[in-house]
Structures are given as structure tokens and as C-alpha cells.
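As annotated by TrEMBL, domain 'TRAP C4-dicarboxylate transport system permease DctM subunit' applies to 13-427. Taken from TrEMBL, the feature transmembrane segment applies to 12-40, 144-171, 183-204, 225-247, 287-308, 320-341, 353-376, 408-431.
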Amino acid sequence: MEPEFARGLIIVAVLLVLLGSGIWIFGAIFLISLGGLFFLQDFSFVRIGTLMKTVSWRALTSYELASLPLFVWMAEILFRTRLSEQIFRGVSPWVDWVPGRLLHVVIVACGLFGAVSGSSTATCATGSKIALPELRKRGYDDGVIIGALSAGGTLGIMIPPSIAMVIYAVVAEVSLVKLMLAGFLPGLLMMGLFSGYICGWSVLNPHRTPDDPEPMRLIERFARLFELAPVAVLFIFIFGALFAGYITATECAAWGVAGALLIAAQQRLLTWETFKLSIRGTVRTTSMLVMLIGMAAIMSSFVALAGIPNAMSRAVDSLGVGPFGLVAILMLVFIVLGMFLDGMSMILLTLPVTLPMVVAAGFDPIWYGIFLILMIEIGELTPPVGFNLFVLQNITGKNIFSIGRMSFPFFLMMVICIFVLVASPQIVMVLPNLYH
């Protein structure tokens, strides 16, 4: 066994021990990086201090990182006002003719809300609070409702803007704009797979799908659709300008916050208390993420200096599994990690080791970013630490493993999505390749 590979195994073992002890994620990363650098830099405090300062400063002064608090703030504004309710009300009259009827509202509305929030947890919580009581009142099956809500919530980090994409772009040093563009088609593919499962389930279980609601006149449908207009215009304006190259990703985030505040104020949904709560939530979330990014940058340097990625790549090559075998191994690793870690921690802990391996295997870093985000979404549905499952447990009062069982069919749809993206990577890369 190569010494670098042995170091990698030791790091994994120590990390698992530290995480199992209950220590904070950023503390575990810091201790491992500091201890490793002491051995690599001959116990020189000056050299280690200079390296840590330089690396963390470079990561935390990235221009694209400036978009992080802005996207978080936009999600907080939408979550704490009734703009999210208008999204659900606007969608519902237009899907009642499809098998599964109003269950599709969950998927479509979560996709729309995710497109302007960037947060999986906020999307799941908002959708659950609005759609769950209404669908239960109409007699829809509890298992499918909860499964659709847990899966629909994951769309918040695939359809841009996405907080997870900002983190990946900063740590992997790739274009945030291209990464966002890469997320559109996979996000739509996921929505199609989720709705396809709902249609199939409804056809096979017609007795568990309620009768059509009272038909709504066409003029009433368009009146409801008009409620979507402010958020839809905001989304089209921002991302149209982004794709056309008129604004950067950071400017996109700034315009998004300004637009969300303006819409909420114009519709008298923005109170002083809501504004304060949105600021407080933004500061709390951003502070946590910035600490993690700084520590992850230091860990990346340590891992690179120790030669661990190259050793891991050689070890995988020696297995003779090829690029697709590597993807299969990473899928299994991420599914297991998703049972115990949140999505941001998965990015920050694994990227220093896995990204060089994947690039060496011939995959594009942008494609790998979408693959990793999709694996994080799967992690949101795997107990015992699936965040969307926790959200639904708090709202429904059901056991987290029961919610995981209800989410399992949608879990399989996401696995199918991964296979499609591996077989046809152009689905991910077509929009980034058009961007100049």
C-alpha cells in the first residue's frame, strides 16, 4: 500500500472518530488539517501559519463568494413572506387534468420556488406548510404526498440559483455561471421523473386518487396564473440577463434580492419583523458556511501536499474499473455519507480528494458539480440525517424512517436521473457550452 493512500485512510478514520464525538464539522476539518500540516511542514509554525492564512484568504475573498449571502437572503425573504403561497396557488388550476392531479402541484411549485430560493430545506418546509394540509383535506394518499414533498424539496439546490452551487464553484474554482446553467436541464429531468412516477402510481391506484375538484372557469385559472407573474418575471429577467452575459452571478444575486424585496413590499407582505428575521437568518447561515469554506480550503491544501488524490487515482486505476466504475464507486460512497452528513459538509469534505480523481478520469468539473449536487439531493432523503426528512418529521409528526420509506420511490427516480446523466453528459453540458 502506498504511503499516501495509507494517509488517506488514516484521515478518513480520524475524521469519522471526530464526527462521531459530536465535534463541529469545521472543528474536525481544522484539527485534521492542522495535525497533518505539522507533519508535512516539519512542525514549522511559521510555514503552517503562512500557508493557512494564504489559502483561506484566497478562498474567502473569491468574487463569486460574494453571491452566497445574497442568495441566502433571497431564500429567507421568499420563505418568510407569502410569495411562496402565490406560487402554489398559481400552479394548482393547471395540473388537475393530469393523472395524480394536485400531487403535481408539489413538484411544479417546488421547482418554481427552488428556482428563486436556492435552498432545499426552505423549499421543502415551504411546500410542506402550504400543500400538505390542503392535499390531506382533499383526501390524497399521505405516503405519496410526503414522498413528493421530500423529493420536491431537493429541487431547491439543483435548479439555480443554488447555495450548494456557489460553495462548489468557490472550492472547485470553476465558473459559477456555467455551473448554474448546467443545473437547468437536470432539474427539469428530475421534475419529469417525479411527475412520471406520480402519473404511474395514480394509474395503478385509481381508488387512492380523489375525484376531480370542482372545475374552475378559464378566467379564474388565468387570474390564479397572474399571481405567479411577479416571481416569474423576476426569474426570467435575472437569468435571461445572466445567460446573455449582461450580468455576473454575483450581480444576479444582488438583483434577485432587490427584486424579492420590491415584490414583497409592493404586495404588502414585507413587515419590519419579517425583514429583521430574514437578516438574522442570513447572517447565521452565511457565517456557518464561510467558516466551513475557509477550513475546507486549508484541508484541500493539506490533502494536495500529502499526495492523497494522486494515490487514490492510482489505486482506482489499479482496480481496472474505468471511468464509469469510478462513478459507481463514488455513488455508493456518497449514498453512505449522505446518511450521516449534510450536503455542504459532503462537498467540503470530499471535493479535495474526489475532484482530481474525476478530472483525471476524463469528466468535466462542471459535470461533476451537477453529479455531486444530485448525490447531495439523494442524501437529503436518506435517514438518519436526511434534512428534508427532519423537516417533514417536524411538520407531520411521523417517524423519520417511515418518511424515508415513503420517499424511497422518488429516491429511485433520482438514481435513474444519475444513470441518464452519466450515459448522456451532454444534458448537463449543452447550456454551459453555449455560454460565452
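Sequential numbering from 1, following the chain as shown.
Backbone N, Cα and C define each Cβ position, glycine as well.
Annotations in TrEMBL come from automatic prediction, not curation.
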- Item | Within the predicted model, mean pLDDT of the domain 'TRAP C4-dicarboxylate transport system permease DctM subunit' (13-427) | 81
- Task: Please figure out which one of 144-171, 225-247, 353-376, 408-431 racks up the most CB pairs under 8 Å against the transmembrane segment (320-341).
- Result: 353-376
- Note on the structure: Same-chain residues at least 6 beyond the ends of the transmembrane segment (144-171) with CB under 8 Å of its CB atoms are 59, 62, 64-65, 67-68, 71-72, 74-75, 103, 106-107, 109-111, 113-125, 127-128, 131-132, 135-136, 179-181, 183-184, 186-188, 190-191, 194, 198, 201, 208, 239, 249, 252-253, 256, 289, 293, 296-297, 300, 343-344, 347-348, 351, 369-370, 372-374, 376-377, 380-381, 386, 388-389, 391-392, 396, 398, 403, 406-411, 413-414
